[in-house]
Amino acid sequence: MTVLHSVDFFPSGKAPVAIEPRLPQAAFPEHHHDFHEIVIVEHGTGIHVFNGQPYTISGGTVCFVRDHDRHLYEHTDNLCLTNVLWRSPDAFQFLAGLDQLLPQEQDGYYPSHWRVNQSVLQQVRQLVGLMERAGDGMDAPAVANREILFMQLLVLLRRSSLMEGATKNDAKLNQLMAWLEDHFAEEVCWEAVAEQFSLSLRTLHRQLKQHTGLTPQRYLNRLRLIKARHLLRHSDHSVTEIAYRCGFGDSNHFSTLFRREFNWSPRDIRQGRDAIIQ
């Protein structure tokens, strides 16, 4: 597995934060690093496999990667990221208690992926721009200024994330997308889902297409196929059982959609034939 080292990304041996844009981020094999990372998705879509679990990411997704997490990107489509790298909580000169603003693992569950709305994403871009222009000076005021900007970023993300709740349409869409991550295998009636999240059906269609480039049903099918591919690789369930577990009522239809999406059949994935190009 590839290991990324802080010496290759941080401007100096003492700098606690670095900005690393990926415009765009191509598919990248599984890796981990000796630093922490906040991944901010500007736009586009892709699959983020985080500690073995696949997540569909798009504009407004924010992922918190710890120094022991492993992850990779695949199936990317114009996926543009900004990575805010930071060494460790004790690398800061003026900041303490950062863990109170970061997602925390509880009972084995780590809420690594948050979502923010588009207006917050614009504020994030502005803050990151200030961080990039803050310079590399190591005198106390310069260091304090950079650390303050990093703290402002954490506060903005914390207050604005899905976890804090919001009422605007794009925030409701973010909540809907998170709901689909957990309920993808269920029969989905889009009219009922739109009503559940206080969106008109037209708004749901328009905003999901703007966020992901996909219609609602196309997005749901892709989500189901991604989950199915994960099970094909990491479980002993039959292809038919996996199809049903992931919301497909017909295994033949599932196989057709699967091949169309990934250019491999479910059996190919089960036998590891795609591993050569992973």
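Even glycines carry a Cβ here, placed using N, Cα and C.
Quick caveat, the model's predicted, so the values are computed rather than measured.
Going by Swiss-Prot, these are the annotated features:
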DOMAIN    174-272  domain 'HTH araC/xylS-type'
DNA_BIND  191-212  DNA-binding region
DNA_BIND  239-262  DNA-binding region
SITE      E241  site 'Interaction with sigma-70'
SITE      D250  site 'Interaction with sigma-70'
Roughly how many Å lie between the Cα atoms of E241 (site 'Interaction with sigma-70') and D250 (site 'Interaction with sigma-70'), rounded to a whole value?
10
Let's see if you can do this one: DSSP helix, strand and coil counts over the DNA-binding region (191-212), in that order.
18 helix, 0 strand, 4 coil
Go ahead and report the DSSP secondary structure tallies for the domain 'HTH araC/xylS-type' (174-272): helix first, then strand, then coil.
72 helix, 0 strand, 27 coil
Considering every residue in the DNA-binding region (191-212), what is the mean pLDDT value?
90
